[in-house]
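Trainee: Could you have a look at this structure, given as structure tokens, before my questions?
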Amino acid sequence: MTWLLGYVDPLDPSFVAAVLTIVFNPLYWNVVARWEHKTRKLSRAFGSPYLACYSLSITILLLNFLRSHCFTQAMLSRPKMESLDTPAAHCLGLTLLGVGIVLVLSSFFALGFTGTFLGDYFGILKEARVTVFPFSVLDNPMYWGSTANYLGWAILHASPTGLLLTVLVALTYMVALLYEEPFTAEIYRQKASGAHKRS
């Protein structure tokens, strides 16, 4: 533990900011999207579920930029680990970034804009569950791609602080999925049930 504290300062303001943004972001979009699904207040305020979804997406993107900035600042404020600062680790970091970017971008193109930004909570539903790549090889590729990006970024910076924050990113996504997956499945179950009743 003493060894770890040589690299990670949990009281450093930049580390605290990174932790707060990592935990806050999925909490924010889950709370807002569920509130919208229950009340439709955003859709009414914007006059359209699409405009409401786009407005949420803008705040999500801005918060993600802030999270990435805080993550990077937390790493830069602490010393590097020499054993991670090697050509092999550099190649591994670049590979993880490449994999992460492929997963995130291919997820975005498979889901579309509203599918990526919780459109189903706004009543913007797809005809069927997306099963094309990367969903054909991995559940929740957007989240795991994002995690791979953070891990690659941490390794490129030879940063134990970054590695620890990446673990927090992964854990936060895992908790978010415990709430998101059943709720989304229920939305589509209700859609299927409604279509069955109409036929």
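Each residue, glycine too, has its Cβ placed from N, Cα and C.
Any TrEMBL annotation is an automated prediction that lacks curation.
Below, the features straight out of TrEMBL:
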- GLY98, VAL99, GLY100, GLU180, GLU181: S-adenosyl-L-methionine binding site (BINDING)
- 13-33: intramembrane segment (INTRAMEM)
- 1-12: topological domain 'Lumenal' (TOPO_DOM)
- 34-45: topological domain 'Lumenal' (TOPO_DOM)
- 67-93: topological domain 'Cytoplasmic' (TOPO_DOM)
- 115-157: topological domain 'Lumenal' (TOPO_DOM)
- 179-199: topological domain 'Cytoplasmic' (TOPO_DOM)
- 12-29: transmembrane segment (TRANSMEM)
- 49-66: transmembrane segment (TRANSMEM)
- 87-111: transmembrane segment (TRANSMEM)
- 150-179: transmembrane segment (TRANSMEM)
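Help me picture where these features are in the structure shown.
Mentor: Around VAL99 (S-adenosyl-L-methionine binding site), the same-chain residues six or more apart in sequence whose CB sits under 8 Å from its CB are GLY145, ALA148, GLY152, listed in sequence order.
This prediction places the mean pLDDT of the topological domain 'Lumenal' (34-45) at 96.
Only residues 6 or more beyond the boundaries of the topological domain 'Cytoplasmic' (67-93), in the same chain, are considered here, and those with a CB under 8 A from a CB of the stretch are 6-9, 12, 14-15, 17-18, 20-22, 25, 150-162, 165.
Residues of the same chain lying 6 or more positions beyond the ends of the transmembrane segment (12-29) and with a Cβ under 8 Å from any Cβ of it are 56, 59-60, 63-64, 66-67, 70-71, 73-74, 76-78, 118, 161, 165, 168-169, 172-173, 175-176.
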Trainee: 10 Å Cβ neighbour count around GLU181 (S-adenosyl-L-methionine binding site)?
Mentor: 12
Trainee: Among GLY98, VAL99, GLY100, GLU180, GLU181, listed as contacts of S-adenosyl-L-methionine, what is the widest Cα spread in Å, to the nearest whole number?
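Mentor: Taking every pair of listed residues, the largest Cα separation comes to 26 Å.
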Trainee: If you draw a 10 Å sphere around the Cβ of GLY100 (S-adenosyl-L-methionine binding site), how many other Cβ atoms fall inside it, taking every protein chain shown into account?
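Mentor: I get 21 for this one.
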Trainee: Over all shown protein chains, what is the count of other CB atoms within 10 A of the CB belonging to GLU180 (S-adenosyl-L-methionine binding site)?
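Mentor: Summing over all protein chains shown, GLU180 (S-adenosyl-L-methionine binding site) has 20 other Cβ atoms within 10 Å.
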Trainee: Counting only residues 6+ away in sequence within the same chain, which have a CB under 8 Å from the CB of GLY98 (S-adenosyl-L-methionine binding site)?
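Mentor: Spatial neighbours, sequence-distant, of GLY98 (S-adenosyl-L-methionine binding site): GLY152.
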